[in-house]
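Asker: According to TrEMBL, the domain 'Arginyl tRNA synthetase N-terminal' annotation covers 12-98. What TrEMBL lists as domain 'DALR anticodon binding' is 435-558.
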């Protein structure tokens, strides 16, 4: 099957063909053949569409001259109809030029696949639990949560596009000391008393306390712990509903809202403890119950039940992981904040204690901090939360699309700075505007093409006419999209999709500048105009597909 008939990229298709040629020649090469190789795109288009240095890499192991290995590759690829030329350069570089029919096949595949172009099957049959945000239901979602709201949702979309069955899950921390402090803070605010020093502050606590009293005025007739618990429980429900509403408006939706309390219902934690005990990793020491995670690389064993009988935080961690596995998830992805940097080792050790493969069954992503700049200064405080900027406040400043796109376009393990002034601007400095404008520009071109009678579509590709360097560059970039999506899914890096659509927008803008799509004056529309309009249509589809994976709109007018 050619790349034109599948959702493999041309690069993947040709890489696979080269590897097969090498495997067929293994007796002659007398060395181990790699399982993968990367094709590069030469900066100089005269050197072809793709290049590989695999011949040089195999020289030492095979004992053959690199040009001899390159000749083996060249001969093995000669029969392929999707390749126009295979040339050997320098000491043994292999340069590959695609056939025009292959380039036309890329466009045809995009138009035939539509919204599904870029989707693949590498993760078909894999069930993934994607847990992200999981904020305490004790206050508004802040910038760190906002980053996960964008990145987590985009990662879920990318994994689904790669064929996985993805369940997006929000873990609700609805038990423990923080919830008690939350209740006491609300109670104090409602009664006009000083809040606990280690409690929750900010104007939102006053607002929430007022709302609670308005909904349930009899709460003021209660006293002591009964009143504290009542404020805690009603405040929790209201704050969680507020978080859910904000996330809905942000375009981030969850399949499961999982309560930490439920881990202790129906003796489930006792069941989990017994599961780990049977596998030989639970022991008692000084009246406490421990999990021997150091057997699997953790820096220390973890307490599950303290000597006073209360549950340690790791008790919930262990029960939650076993819950995920018993619910049938193959891979459990945890997206955690910068304050959880030590969690990777303990979660992987926990998986190993459960008899799982920690490198396959558990994936931990740790996010870094986000800063907001406005007017050249860092914006630190939220007007309502009394701490850092909230999700709602960020959206008020720049909008959903700009917030989502910008938060996604950086690797999550690097700190990032968002410049509000740039994100409000309608200039090429603003990356989301740059990409969305490219899509809107194409839509305008296609509207104008229709107005002057230019037809375009799958039967009007005319690849033999698309010979300009900018046309070849654009077709090559379009063909890379499936590989980018597959890589983003495999590496858990949705920022790759954002960077790709930015690059694609740049390639399109160069094409538009150098290749006239619409006729001038009294010029009669030609097959070349139709071919270029069809190429524009395919480009718009790929940009829209990329933005959809990011949860960002693709406007037709701007």
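Every residue, even glycine, has its Cβ placed from backbone N, Cα and C.
Caution: TrEMBL annotation is automatic and unverified by curators.
Map the listed features onto the structure and describe their local environment.
Answerer: Residue counts for the domain 'Arginyl tRNA synthetase N-terminal' (12-98) under DSSP (helix as H, G, I; strand as E, B; rest coil) come to 40 helix, 17 strand, 30 coil.
On the 0 to 100 pLDDT scale, the domain 'DALR anticodon binding' (435-558) averages 96 in the predicted structure.
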Asker: In the domain 'DALR anticodon binding' (435-558), how many residues does DSSP call helix, how many strand, and how many coil?
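Answerer: Once the DSSP states are binned, the domain 'DALR anticodon binding' (435-558) shows 89 helix, 0 strand, 35 coil.
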